[in-house]
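Peer 1: Mind looking over this structure? Questions follow.
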Amino acid sequence: MAFWRSKITPSQPESNDATPSGEPAGTGRLFSKFSNGLQKTRRVLGTDIRDLFKSEGRLVDEEFLNELFARLIRTDMGTGPANKIRDEVARQYRGRVVHLEEVIATITDEVREQLRQDHGGLAKSDSGPTVVLVVGVNGSGKTTSIGKLANHLNSIGHSLVLGAGDTFRAAAVEQLTIWAGRIGCEIVTGKSGVDPASIAYQSVDKAIELGSDYVIIDTAGRLQTQSNLMQELQKIRKVIDKRLPGAPHEVLLVLDATAGQNAISQAKGFSAAAGCTGIVLAKLDGSAKGGVVLPIHEQFQLPVKFVGLGEGLTDMAAFDPDSFAEALFQN
Ligand SMILES: Nc1nc2c(ncn2[C@@H]2O[C@H](COP(=O)(O)OP(=O)(O)OP(=O)(O)O)[C@@H](O)[C@H]2O)c(=O)[nH]1
Ligand SMILES: [Mg+2]
């Protein structure tokens with residue numbers, strides 16, 4: 001378990017950034033990735049909070065706390081997390097004149113604390129290929145996230161098979177085939193309209209035959225309210241388990257960060273129906289509401305495993321609460 005987390009930490013840059021010998025090329029790459037990806041959120045949050053202060057500082061009273069709360073929830077962090085931050089600022093500073101830096105340090109600590117989680121890394125099976133099933137609503141970023149994940153796994157020396165399980169749209173198969181070509185990994189495809197469960201089965205079969213380390217299976221976008229399509233996911237899972245008992249080892253739910261609070265209700269339906277084990281929060285770079293990570297984390301028992309920070313093959317990072325919290329405010 002958690003191999004990737006140990007590869008990507010704030011002090012250990014991604015292997016993508018490693019020198020050819022495998023030695024780290026430098027530190028802080030993950031932080032700078034978050035920092036770039038969170039530009040939009042930071043612009044809103046940072047500016048909003050700075051605006052609360054005058055150069056001589058500001059008295060922490062009810063009015064200040066209410067204004068702070070209103071600005072925090074503009075990042076879509078929701079009332080629960082924003083209340084906790086407000087309470088912590090009140091506890092530390094009520095009745096005192098504070099400066100911007102003090103409040104930002106408190107908020108950063110509180111965000112970091114709220115996002116603390118145990119199982120950040122990608123699952124790894126003890127023997128045989130690790131099977132990762134990727135699910136989510138239409139257009140959330142599933143196929144792109146698979147490309148990035150596959151690219152990363154490949155770059156650190158893992159062999160893998162992709163399964164083009166979105167047989168609903170011919171373009172989806174093409175899209176994944178292009179990613180596989182760019183990465184140089186195996187892919188299992190079928191004709192448009194074939195049962196996605198059979199593609200899933202064949203993908204696992206292929207990985208077993210080749211002795212691959214990972215199988216990542218794409219699925220068509222669906223809504224949690226489409227019960228027939230949710231049942232299809234169950235079938236896919238069952239068929240995978242039949243070929244490789246205990247698999248899939250990871251069911252990643254891809255959420256679109258630009259969908260804000262909607263992402264949360266999507267996650268609820270999916271996590272229950274598809275047996276999700278982790279979240280990929282895609283398009284964090286395109287959102288000014290990156291605070292949505294907090295309620296997702298608060299309301300689900302699911303760890304946020306990866307975040308999408310752009311459209312390129314390397315624009316993904318293992319989620320790290322420390323880097324995330326700091327990147328929210330860094331200038
Ligand atoms: N900026 C940005 N764009 C992203 C990211 N991830 C995906 N996208 C874009 O979002 C759009 C949809 O991505 P896909 O990967 O095709 O989404 P999907 O969930 O596979 O879509 P369906 O298969 O149609 O359900 C594409 O234009 C991607 O380039 C990200 O992290 N950042
Ligand atoms: Mg897709």
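The backbone N, Cα and C atoms fix where each Cβ goes, and this holds for glycine too.
What TrEMBL lists as region 'Disordered' is 1-32. Sequence annotations record features per position, and here TrEMBL assigns compositional bias 'Polar residues' to 8-19. Here TrEMBL flags GLY136, VAL137, ASN138, GLY139, SER140, GLY141, LYS142, THR143, ASP218, THR219, ALA220, GLY221, ARG222 as GTP binding site. Taken from TrEMBL, the feature domain 'SRP54-type proteins GTP-binding' applies to 303-316.
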Peer 1: Of ASN138, SER140, the binding-site residues given in the record, which has the fewest other CB atoms within 10 A of its CB?
Peer 2: ASN138
Peer 1: Please list, in sequence order, every residue of the chain apart from GLY136, VAL137, ASN138, GLY139, SER140, GLY141, LYS142, THR143, ASP218, THR219, ALA220, GLY221, ARG222 whose Cβ lies within 8 Å of the Cβ centroid of the GTP site.
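Peer 2: Leaving out the recorded residues gives VAL134, VAL135, ASP166, VAL254.
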Peer 1: From the binding-site residues listed here (GLY136, ASN138, LYS142, ALA220), select those whose CB sits under 6 A from an atom of ligand 2.
Peer 2: LYS142
Peer 1: Long-range neighbours only, meaning 6 or more apart in sequence with Cβ under 8 Å: which ones does ARG222 (GTP binding site) have?
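Peer 2: For ARG222 (GTP binding site), the qualifying residues are VAL135, VAL137, ASN138, LEU229, MET230, GLU232, LEU233.
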Peer 1: Is LYS142 (GTP binding site) helix, strand or coil when read with DSSP?
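Peer 2: LYS142 (GTP binding site) sits in a helix per DSSP.
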Peer 1: Which of the binding-site residues ASN138, SER140, ASP218, ARG222 have a Cβ less than 6 Å from any atom of ligand 1?
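Peer 2: By the Cβ criterion, which requires under 6 Å to ligand 1, the hits are ASN138, SER140.
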Peer 1: Could you give the maximum C-alpha to C-alpha distance in Å for the residues GLY136, VAL137, ASN138, GLY139, SER140, GLY141, LYS142, THR143, ASP218, THR219, ALA220, GLY221, ARG222 that bind GTP per the record?
Peer 2: 13
Peer 1: Using a 10 Å radius around its CB, how many other CB atoms surround ASP218 (GTP binding site)?
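Peer 2: Counting Cβ neighbours of ASP218 (GTP binding site) within 10 Å gives 28.
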Peer 1: Note the mean pLDDT of the domain 'SRP54-type proteins GTP-binding' (303-316), expressed as a whole number.
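Peer 2: Looking only at the domain 'SRP54-type proteins GTP-binding' (303-316), pLDDT averages out to 91.
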Peer 1: Does anything in the same chain, at least 6 positions from ALA220 (GTP binding site), have a Cβ under 8 Å from its Cβ, and if so what?
Peer 2: GLY165, ASP166, THR167, PHE168, ARG169, ALA172, PRO196, LEU229
Peer 1: Among all protein chains shown, how many Cβ atoms are found within 10 Å of the Cβ of GLY136 (GTP binding site), not counting that one?
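Peer 2: Result for GLY136 (GTP binding site): 28 other Cβ atoms within 10 Å.
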Peer 1: In sequence order, which residues at least six apart in the same chain have a CB under 8 Å from the CB of LYS142 (GTP binding site)?
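Peer 2: The answer is VAL134, VAL135, GLY136, ASP166, ASP218, THR219, GLY221, VAL254.
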